[in-house]
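What TrEMBL shows for this protein is this:
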type	residues	note
DOMAIN	96-408	domain 'Phosphofructokinase'
BINDING	G102, R165, G166, G190, D191, G192, T193	ATP binding site
BINDING	D191	Mg(2+) binding site
SITE	G192	site 'Important for substrate specificity'
BINDING	T219, I220, D221, M264, G265, R266, E329, Y384, M385, I386, R387	substrate binding site
ACT_SITE	D221	active site, proton acceptor
Amino acid sequence: MSSSDSPEISKLEIIDGDYVLEDVPHLSDYIPDLPTYPNPLQDNPAYSVVKQYFVHVDDSVPQKVVVHKDGPRGIHFRRAGARQKVYFQPDDVHACIVTCGGLCPGLNTVVREIVCGLHHMYGVKKVLGIDGGYKGFYAKNTVYLNPKVVNDIHKRGGTILGTSRGGHDTTKIVDSIQDRGINQVYIIGGDGTQRGAALIFEEIRRRGLKVSVAGIPKTIDNDIPVIDKSFGFDTAVEEAQRAINAAHVEAESSDNCIGLVKVMGRYSVQSKRNLWAGFIAMHATLANRDVDCCLIPESPFYLEGSGGLFEYIEKRLKENGHIVIVIAEGAGQELLSESIQSMTDASGNKLLQDVGLWLSQRIKEYFSKQRKMPINLKYIDPTYMIRAVPSNASDNVYCTLLAQSAVHGTMAGYTGFTCGLVHGRHTYIPFNRITEKQNKVVITDRMWARLLSSTNQPSFLSAKDIVEDKTDAGQ
Ligand SMILES: Nc1ncnc2c1ncn2[C@@H]1O[C@H](COP(=O)(O)OP(=O)(O)O)[C@@H](O)[C@H]1O
Ligand SMILES: O=P(O)(O)OC[C@H]1O[C@](O)(COP(=O)(O)O)[C@@H](O)[C@@H]1O
Ligand SMILES: [Mg+2]
């Protein structure tokens, strides 16, 4: 067990001396003699024809699929899905859903599918929407949700429930859950939100309440570890193409033109070391092929001198007449002035300076003053446009399966878990696994090498950086 946040949340169980099941908590762990009921899905015409619809209680999914010969089989997570026995009767369920943190394509789809999953699969009628994030539990209104209310919300960006940063007060939130008689809590949000969810679960367990807490991980930055990728990420990468294409059209159409696009991707201030997430920039670049240079927080770069960015820009302008650069918002922050770096948002996330504007200015100054070379620079900042769109088809399917996993998990009495896709299989993962680390691009991995070979950009790395990053990746 490696979490410092909530060390008691996950249970490690050695199976046959062979692999380790990192299990999630269950209501029956702290409430004895809970009654169980047959899963109502067995009488549902849509599911009763499906052989083996119910997941065997012992099924698990390995965290690593590539293993060395004779190496350990490592950690497994509990497989998500409907169980034969449930711990709630439909009429007794009073569920609530909250969305927290920044926007991400697919939030509405997850909300819709939790409501419809509870209603259509389990016959649950009472589902409450919490308005405006965590603080909505104690400071805002609530709204009852049913399949009619949520019918077409997946076609809209944002979240119909509203969202916020800050405002997590565990006692007030759990008081509100208890006072309202809520017994299933669905919490959709990123790393900060899942930390908050872990605290809510701990307090619920301390009070001995029969309340299941399920997290659905949301992060447009794809910075949540363990899971294959987060919902909305595909949509964000796709939407970024429109900005990159526009930058390319502009760059191609004028002499010595630089198209610069900034996309989201920042680091977490919560982690002990500052880790970074340049996934959108990396995938958008790999998908596009018109990008000549991709700058991400994980790979430090420098501007002047041999092997620097300015030299590369000049080379591309001379060879090609134009260059397209994609930069993640968290990149190069160490090069910017320190003035704003100590400021944080309401959730404690570090506020970043606009690296796109800064880089634009530095490039213009360099070419006009030092090189006396006329250039054109078109800067496009599509960040909020990428975040505010509705999810695409594949994200909609992903959101649906995540929501259904969460519903099956809570009905089966699991609690204190996050749903996540691990090697294409849906799983239940203990909160601390999701919050203890941040996912980042590992620049000594094959994916970054693929990017470098597709853009032909300099790596900006010294031998020392490579050794340091290898150490990082192994931890
Ligand atoms: N360490 C923490 N403990 C408890 N709540 C937290 C923690 N970090 C963030 N939160 C709460 O989670 C919510 C969302 O966090 P934020 O960092 O803004 O977004 P995200 O969940 O997308 O990372 C906020 O209401 C914030 O107060
Ligand atoms: O301006 P806001 O709303 O604070 O959002 C900006 C941040 O939100 C994000 O899109 C997502 O962050 P979270 O996943 O922590 O909510 C970051 O990429 C970005 O830095
Ligand atoms: Mg976050």
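Note: Cβ is positioned from N, Cα and C throughout, glycine not excepted.
No curator has checked TrEMBL annotations; they are predicted automatically.
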Relative to the Cβ of T193 (ATP binding site), which residues of the same chain, six or more apart in sequence, are found under 8 Å away?
C100, G101, Y134, I187, G215, K218
What average pLDDT is reported by the model for the domain 'Phosphofructokinase' (96-408)?
93
Would you mind sorting out which binding-site residues among D191, G192, R387 put a C-beta under 6 angstroms from ligand 3?
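The ones that qualify, in sequence order, are D191, G192.
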Could you state the CA-to-CA distance between R387 (substrate binding site) and G102 (ATP binding site) to the nearest Å?
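Here the two Cα atoms lie 9 Å apart.
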Pop the Cα-Cα gap between D191 (ATP binding site) and M385 (substrate binding site) into the table, whole Å please.
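Between the alpha carbons of M385 (substrate binding site) and D191 (ATP binding site) there are 22 Å.
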When you put G102 (ATP binding site) at the centre and draw a 10 Å sphere around its Cα, which of the binding-site residues T219, G265, E329 have their Cα inside it?
T219
What residue among the binding-site residues G102, G166, G190, G192, G265 has the most other CB atoms lying within 10 A of its CB?
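Neighbour-count leader: G265.
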Report the binding-site residues (G102, R165, G166, G190, D191, E329) that meet this criterion: Cβ distance to the nearest atom of ligand 1 under 6 Å. Use sequence order and write none if nothing qualifies.
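Checked binding-site residues vs ligand 1; flagged G102, R165, G166, G190, D191.
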Rank aside, I only need the closest one: which of the binding-site residues T219, G265, E329 has its C-alpha nearest to that of R165 (ATP binding site)?
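Its closest listed neighbour, by Cα, is T219.
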